[in-house]
Amino acid sequence: MAELTALESLIEMGFPRGRAEKALALTGNQGIEAAMDWLMEHEDDPDVDEPLETPLSHVLGREPTPSEQVGPEGSGSAAGESRPILTEEERQEQTKRMLELVAQKQREREEREEREALEREKQRRRQGQELSVARQKLQEDEMRRAAEERRREKAEELAARQRVREKIERDKAERAKKYGGSVGSRSSPPATDPGPVPSSPSQEPPTKREYDQCRIQVRLPDGTSLTQTFRAREQLAAVRLYVELHRGEEPGQDQDPVQLLSGFPRRAFSEADMERPLQELGLVPSAVLIVAKKCPS
């Protein structure tokens, strides 16, 4: 049975003549399968239908060489030698084979593209998972650093409070050593109320007595009281610090600032008063103070 040439087969399958000739020429006339592979790979190229450059043998006034006169099939047949004419049945059979080959090539191409798309999707998911893991690790590192920073700040705060307590204890020990006796006990004996009361306004006031110490009783909001002996020249801030450290709250618990009041005459001591000596504030030789929670400014 006579067969169609490669060019005729491609045209029979529906490819444009110019595109078929271009495919055969660019594949070196290696057969219909090579030409079909080229056509499928380049069917979307914008210049797929542009003609090839004119061969030298087609230049005006140039005679083709004997090798250029050979047909694209490379059969070497002499010019004018005719090929057998195909019957309609043979043409249909050959066209059917070519269409099956085209369908096979198309399936192979689709399968290849599907595999490539699947691989791209796997790569995208893999990159997404890696990005999610990296983001989660970054968040965990930030949370861990924040927790460590909070622990460090808490430890520094507790250490600062401990240093203040130790300073108070050292001051108490120094006062006890200097003046003798126990200082800082809540059950300290009450100081004797000094001086006689004048019987009449016209009576001469007694000579004012100088005191080196003063006894301060502090009444807390919960009904308990603290008693402490201070030097007369100590500032009122020492009394407030003593109250803040001994008012019975748990160590490390946030404590509200306190304000000191005198019962009679009624007086609220200001921040400026905290820098004044107890003697100057009239709290010597003894006084009773009331603790009130200070509203934050």
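Even glycines carry a Cβ here, placed using N, Cα and C.
Looking up Ser67, Ser199 in Swiss-Prot shows the phosphoserine annotation sitting on Ser199. Taking each Cβ in turn and tallying the other Cβ atoms within 10 Å, the top scorer among the modified residues Thr229, Ser270 is Thr229. The separation of Ser270 (phosphoserine) from Thr229 (phosphothreonine), Cα to Cα, is 22 Å. Secondary structure at Thr229 (phosphothreonine), taken from DSSP and collapsed to helix, strand or coil, is strand. For the compositional bias 'Basic and acidic residues' (137-177), the number of residues in each DSSP class (helix H, G, I; strand E, B; coil) is 41 helix, 0 strand, 0 coil.
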